[in-house]
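One structure is given below, encoded as structure tokens.
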Amino acid sequence: MRPSDLTRFKQKGQPIAVLTAWDSLSAALAEAAGADVLLIGDSLAMVALGHATTLPVSLDQMLHHTQAVARGLTTMPADQPLLVCDLPFLSYQCGEDRAVAAAGRLLKESSAAAVKLEGAEPEVVAVIDRLVRMGIPVMGHLGLTPQAVHRLGYRRQATDAISQERLLEQACTLEQKGCFSLVLEHVPAELACRVQQALTIPVIGIGAGDDCDGQVRVTADLLGLTAKQPPFSPALVDGRRLFIDALKGWVNQTRNHTPPTNGRITQADRT
């Protein structure tokens with residue numbers, strides 16, 4: 001999968017499925033499920049590393065997890081999902097040279113094919129322009145931007161007419177600067193529809209209604225593994241309860257010296 005494939009998907013009206021991955025196991029599961037894009041999101045700071053926000057994760061950690069995701073893929077390279085890696089907080093807000101070095105390192109030292117940046121401030125737009133001119137594919141991200149949590153919080157964004165027009169202008173600017181796709185997070189569905197119609201690049205939504213060109217979800221949220229679910233990303237299964245019950249069953253079997261309840265005794269059970 002290449003960035004240009006997503007544009008063809010939009011032209012054909014084929015919805016784009018994006019899942020997050022943070023290690024080889026989550027990557028293998030998402031690939032087997034048929035995801036078009038695997039996003040190594042800085043949400044791994046919360047999902048995998050136990051932080052309260054995405055801010056603490058470092059570039060080295062993002063690289064480490066991206067390499068692990070790449071190792072989890074099993075299909076031929078041409079058939080693999082597109083790997084997109086978030087540039088973490090302060091890896092691109094402190095100057096174009098630093099941003100190019102960070103993005104270049106992710107692409108050189110892992111199998112990532114693109115990076116994602118949040119926001120459309122003039123400094124970020126300049127970075128996007130520079131990265132694209134250097135041959136680095138960029139995915140944009142507007143609406144709720146978790147790296148700005150201390151300024152904007154986790155509330156719904158662009159809820160009034162002025163902010164909606166501003167976001168639409170920002171989206172058009174990101175396309176003009178060369179972004180190959182755009183994530184819209186936690187914004188009104190009507191606004192997302194307007195953005196989708198205004199852009200030729202794919203618009204990937206999360207909490208932005210059903211009229212986007214695709215959807216992105218944090219895999220752990222979909223599987224119900226997180227203790228607190230985002231209101232715009234309901235779980236499909238109660239994975240947390242399933243896992244706890246399974247592990248609790250094994251603990252009880254071990255303590256009671258009882259065989260597995262399904263009757264199967266594996267070599268691991270015998271050792």
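Even glycines carry a Cβ here, placed using N, Cα and C.
Per Swiss-Prot, the features are as follows:
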ACT_SITE  Glu185  active site, proton acceptor
BINDING   Asp42, Asp86, Glu118  Mg(2+) binding site
BINDING   Asp42, Ser43, Asp86, Lys116  3-methyl-2-oxobutanoate binding site
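Local packing around the Cβ, expressed as the count of other Cβ atoms within 10 angstroms, is greatest for Asp86 among the recorded positions Asp86, Glu185. A Cα-Cα distance of 5 Å separates Asp86 (Mg(2+) binding site) from Lys116 (3-methyl-2-oxobutanoate binding site). In this structure, the CA atom of Ser43 (3-methyl-2-oxobutanoate binding site) is 13 Å away from the CA atom of Glu118 (Mg(2+) binding site). Of the recorded residues, Lys116 (3-methyl-2-oxobutanoate binding site) and Asp42 (Mg(2+) binding site) place their C-alpha atoms 10 Å from one another. The 10 Å shell around the Cβ of Ser43 (3-methyl-2-oxobutanoate binding site) contains 22 further Cβ atoms across the protein chains shown. Note: the 3-methyl-2-oxobutanoate site is recorded as Asp42, Ser43, Asp86, Lys116; in the same chain, Leu39, Ile40, Gly41, Leu44, Thr54, Met62, Cys85, Leu87, Pro88, Pro146 also have Cβ atoms within 8 Å of that site's Cβ centroid. The secondary structure of Asp42 (Mg(2+) binding site), as reduced to three states from DSSP, is coil rather than helix or strand.
Put simply, Glu118 (Mg(2+) binding site) is 11 Å from the residue listed as 'active site, proton acceptor' when counted between their Cα atoms. A strand conformation is recorded for Asp86 (Mg(2+) binding site) in the three-state DSSP classification. Fewest Cβ neighbours within 10 Å among the binding-site residues Asp42, Glu118: that distinction goes to Glu118.
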